[in-house]
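All remarks here apply to the structure that follows.
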């Protein structure tokens with residue numbers, strides 16, 4: 001199984017890349033976390049946001065392939081505790097399918113992404129900067145993995 005974090009946005013600050021990599025590299029091969037960046041649509045003062053969202057969504061879905069188990073990161077999703085996320089990760093590992101975690105851009109996710117999703121995960125009721133979401137997701141997935149493997153990281 002491979003975890004694919006599919007995010008709208010490129011050229012992140014170094015602290016984002018370093019934070020993400022710190023946790024992604026700790027995960028073992030059977031639970032590898034890979035980042036797939038999608039270029040954001042060009043936003044201007046009079047742009048058609050729905051068209052941009054649809055285009056970003058189409059490119060996100062194309063990046064994950066047809067057989068992936070899609071999970072959107074969305075404020076309206078389930079707010080799993082760390083232990084609940086560990087149980088979800090254990091289920092994903094048992095099922096063996098690749099997982100695609102979709103993080104939208106500044107205007108969120110397209111309807112097509114939401115419709116294709118098998119699950120939706122909310123990190124918080126608060127809104128986080130999209131670059132920070134990458135780091136939080138990587139850390140939480142690593143923490144969930146350590147719980148499943150009785151590693152002392154999660155205490």
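Every residue number used here counts from 1 along the chain in the order it is shown.
Here the Cβ of each residue, glycine as well, is placed from N, Cα and C on the backbone.
Residues or ranges marked as S-adenosyl-L-methionine binding site by Swiss-Prot on the basis of sequence analysis: 73, 104, 123, 124, 125, 126, 127, 128. Secondary structure at residue 128 (S-adenosyl-L-methionine binding site), as computed by DSSP, is coil.
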What does DSSP call residue 73 (S-adenosyl-L-methionine binding site) in the simple three-state scheme? strand
Might you list, by sequence position, any residue in that chain lying six or more from residue 127 (S-adenosyl-L-methionine binding site) with a Cβ less than 8 Å away from its Cβ? 75
